[in-house]
Amino acid sequence: MQCALYDAGRCRSCQWITQLIPEQLSAKTADLKNLLADFPVEEWCAPVSGPEQGFRNKAKMVVSGSVEKPLLGMLHRDGTPEDLCDCPLYPASFAPVFAALKPFIACAGLTPYNVARKRGELKYILLTESQSDGGMMLRFVLRSETKLAQLRKALPWLQEQLPQLKVITVNIQPVHMAIMEGETEIYLTEQQALAERFNDVPLWIRPQSFFQTNPAVASQLYATVRDWVRQLPVKHMWDLFCGVGGFGLHCATPDMQLTGIEIAPEAIACAKQSAAELGLTRLQFQALDSTQFATAQGEVQELVLVNPPRRGIGKPLCDYLSTMAPRFIIYSSCNAQTMAKDIRELPGFRIERVQLFDMFPHTAHYEVLTLLVKQ
């Protein structure tokens, strides 16, 4: 992938950009095999990759510069701002949005937040696009509600310029720290969730719910899990750390009893909305801590699917799964190091199948799917 920002030494986020995709996949596969070297693996499936550019459905832009000439991008470690509107990871559809946002910021008087001086209001612009209909969600992350009235007043112009903006919100993040969002979300549109669709499964994206940033690869990940589950003799499963329900909704059949657990209420609201659309009445989604939910149960389902954050599922949940011994565990991980550490804590299981998904091209990161079977 060619990138003018990288070539000019202005951005180094894509550290592997000079390597061809097959070389990147080989290096990632070697890393994964090294991490799982102590475990016999019955089947290594071919790695899955997607487009090498224009694949991201989300932009997280630090707003810097001046109110008259805002920059959207990032801050270097020394505080120097860098505009990333031309980043080739973003689809072409993002360019007109960035172009309209700059004069809008000036018109609405949204002074960019200055980290060094601890002054200003607009901290971040967060943009998400649906692959199914091109609709977009735009979030303004502000330090306070001081400029909210001005933003509301100027908003009709932006909506006229960009009719693809279906959901617009203001998030209030008052803390002087590099935290992307605060707890308060103020909706400026009637619509509160962005409709998405993977493999004919309706999904919803809300402001404070996690959603994969590489839809081309994520849709293949979900489809693969569905295929793996359909091959297993199970009618009951848990989907832990379920997010907006992507895995569970793909796996569910009318006679499958499924419980999805996720700590974020916004994500659970999305999952419930999708289940209702599909008419699946045996799916139950709850906003709870996954580890606390599981370890409080006196019995375990035949299949437990886990998709934890980078820290992994942790020893308490590993100990519970070791003791209760479900027939199958499907582990989806964005950090193979912690996954390998967790598998070490599950001695009663063997690794039936492993597949790498290149969710983050041009970096060392990847997603991995592992099927564990009770010995």
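Including glycine, each Cβ sits where the backbone N, Cα and C put it.
Around CYS14 ([4Fe-4S] cluster binding site), the same-chain residues six or more apart in sequence whose CB sits under 8 Å from its CB are MET1, CYS3, TYR6, LEU89, PRO361, HIS362, THR363, listed in sequence order. In the three-state DSSP assignment, the secondary structure recorded for CYS14 ([4Fe-4S] cluster binding site) is coil. According to Swiss-Prot, the [4Fe-4S] cluster binding site annotation covers CYS3, CYS11, CYS14, CYS87.
Cβ environment of GLN212 (S-adenosyl-L-methionine binding site): ALA218, LEU221, GLY246, MET359 lie under 8 Å away, each six or more residues apart in the same chain. Per Swiss-Prot, the feature S-adenosyl-L-methionine binding site maps to GLN212, PHE241, GLU262, ASN307.
The active site, nucleophile annotation in Swiss-Prot covers CYS334, and the record cites sequence analysis as its basis. Within 10 Å of the Cβ of CYS334 (active site, nucleophile) there are 19 other Cβ atoms, across all protein chains.
Just so you know, the Cβ of CYS3 ([4Fe-4S] cluster binding site) picks up 19 other Cβ atoms within 10 Å once every protein chain is counted. Here the binding-site residues are CYS11, CYS87, and the one whose Cβ sees the fewest other Cβ atoms within 10 Å is CYS11. Around GLU262 (S-adenosyl-L-methionine binding site), the same-chain residues six or more apart in sequence whose CB sits under 8 Å from its CB are PHE241, CYS242, GLY243, GLY245, ILE268, ALA271, PHE285, GLN286, ALA287, LEU288, SER290, listed in sequence order. Per Cα geometry, ASN307 is the residue among the binding-site residues CYS11, CYS87, ASN307 nearest to CYS334 (active site, nucleophile).
In three-state terms derived from DSSP, GLU262 (S-adenosyl-L-methionine binding site) belongs to an extended strand segment. Sequence-distant neighbours of ASN307 (S-adenosyl-L-methionine binding site): residues of the same chain at least 6 apart with a C-beta under 8 Å from its C-beta are ASP239, LEU240, PHE241, CYS242, GLY243, PHE247, SER332, SER333.
Those residues noted as binding S-adenosyl-L-methionine (GLN212, PHE241, GLU262, ASN307) have their most widely separated CA atoms at a distance of 15 Å.
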